[in-house]
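Listed in Swiss-Prot for this protein:
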| type | residues | note |
| --- | --- | --- |
| BINDING | H15, D173, G174, K175, R239, F240, D248, R254, K255, A271, K275 | ATP binding site |
| BINDING | D17 | Mg(2+) binding site |
| BINDING | E43 | K(+) binding site |
| BINDING | E56, Q99, D248, K279 | L-methionine binding site |
| REGION | 99-109 | region 'Flexible loop' |
Amino acid sequence: MKKWLFTSESVTEGHPDKIADQVSDAILDAMLEQDPESRVAVETLVATGVAVVAGEVTTKAYVDIPRIVRDTILEIGYTRAKFGFDGETCAVLTSIDEQSPDIALGVNKSLEAKNDGKDKYDIIGAGDQGMMFGYATNETEEMMPLPIVLAHNLARRLATVRKERIVEGFRPDGKTQVTVLYEDGKPIGVKTIVVSTQHDPAMTQEEIEQLVKEHVIKAVVPEEMMLDGIETFVNPTGRFVKGGPAADTGLTGRKIIVDTYGGWIPHGGGAFSGKDPTKVDRSAHYMARYVAKNIVAAGLADRVTLQIAYAIGVAHPVSFMIDAHGTEKVALEKLEKVVKEVFDFRPAAIIDKLNLRRPIYKQVAAYGHFGRIDVEVPWEKLDAVDELKRAFNM
């Protein structure tokens, strides 16, 4: 029997980096709502008393960026200066240029299209080079690794008890971390839980610990999942009053492991938020998850990792890899062949298949882009299962 521990973390919507992600995606959604063809690459920085939005945009839409920034920050819960940040009074600075014409050359007309390609999906070239990964497993209902599922659920619950005033005195910033014991590739139980929550200065450490255990941890982690001798750390520094952008500068794209699989598989390095779907950093990651999830749901493997790579301005991927980690129920060579036949990984085909030119991104800018069962997103659908099964006469 092989045993090991694996740990993943999540953060609340009030974490500075997540504020930035949500602002960037709120701006993207507003532009896509008016102009689905918008080209958007928007980065956000939040710091003490200020939010800065910069990037490259080509769109027919008119968007009141400062208002979107403020509304997003207020919705998260930064509504009073004593919380360290106030969406109504913070300064908002913007610096927006149009998309580089050199990049647009390759995105507007791919290398294949320039070489007289007549296929409609050859028109759009990848918006950048890079490699993207997708993963799915049958170990949880979400088809995600258990550590990241629990970490997200704890972070989301932390926000819920604050927003619904189940607990008084919690503030928006917070982090969670979960360590799970695995045995022969299967999760056995939870070994360690870490929860840190920003709080009112009048609250005592003992009070915070009791409230977190009662209203957050018990509500998320079933008792039978907790191993004997489980360690629980609540605000282990002993104080977390100063939080949010007043304590740490937040930037778009700094929580890419939280956004994906909690470190379970490799990551190509590209962030999601603030990017329209011509950016394969976003769309190809979503497609890789969609394909992996359908493979596992079809019973072709217990868990699977995909890697796709692109060259800027070229529609077809330059490489494709599939690894079932020894859990495949069919020949791996045939599985790769079938996947390439059933799914089209060119950017225009991905955008069309998943209907990505819509304002659907802010809702996944916190608590993970994958394994979401609380919102409906196209890359989590299981509508390719039957086609995959037919290919293997199942």
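Residue numbers in this text run from 1 along the chain shown.
Even glycines carry a Cβ here, placed using N, Cα and C.
It should be emphasised that the depicted structure is a prediction, and the values quoted were computed from it without experimental measurement.
Recorded features from Swiss-Prot, shown on the structure.
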residue: H15; record: ATP binding site; DSSP (3 states): coil
residue: E43; record: K(+) binding site; DSSP (3 states): strand
residue: E56; record: L-methionine binding site; DSSP (3 states): strand
residue: Q99; record: L-methionine binding site; DSSP (3 states): coil
residue: R239; record: ATP binding site; DSSP (3 states): coil
residue: D248; record: ATP binding site; DSSP (3 states): coil
residue: K255; record: ATP binding site; DSSP (3 states): coil
residue: K275; record: ATP binding site; DSSP (3 states): strand
Relative to the Cα of D17 (Mg(2+) binding site), which of the binding-site residues E56, Q99, D248, K255 have a Cα no more than 10 Å away? D248, K255
Packing count at the residue listed as 'K(+) binding site' (other Cβ atoms within 10 Å of its Cβ): 20
Rounded Cα separation (Å) that holds between D248 (ATP binding site) and the residue listed as 'K(+) binding site': 17
Whole-number Å value for how far K275 (ATP binding site) lies from E43 (K(+) binding site) (Cα to Cα): 9
Summarise the model confidence on the region 'Flexible loop' (99-109) as a single mean pLDDT, whole number. 64
Candidates H15, G174, K255, K275 (binding-site residues) - the one closest to E56 (L-methionine binding site) by CA: K275
Between the Cα atoms of K275 (ATP binding site) and Q99 (L-methionine binding site), what distance do you get, rounded to the nearest Å? 12
DSSP state at G174 (ATP binding site), helix/strand/coil: strand
Could you work out which of the binding-site residues (D17, E56) has its C-beta surrounded by the smallest number of other C-beta atoms within 10 A? E56
Could you list the residues of the same chain, at least six apart in sequence, whose Cβ is under 8 A from the Cβ of H15 (ATP binding site)? D173, G174, K175, G244, G250, K255
Name, in the order they occur in the sequence, the residues of the same chain whose CB lies under 8 A from the CB of K279 (L-methionine binding site) and which sit 6 or more residues away. A41, G127, D128, G270
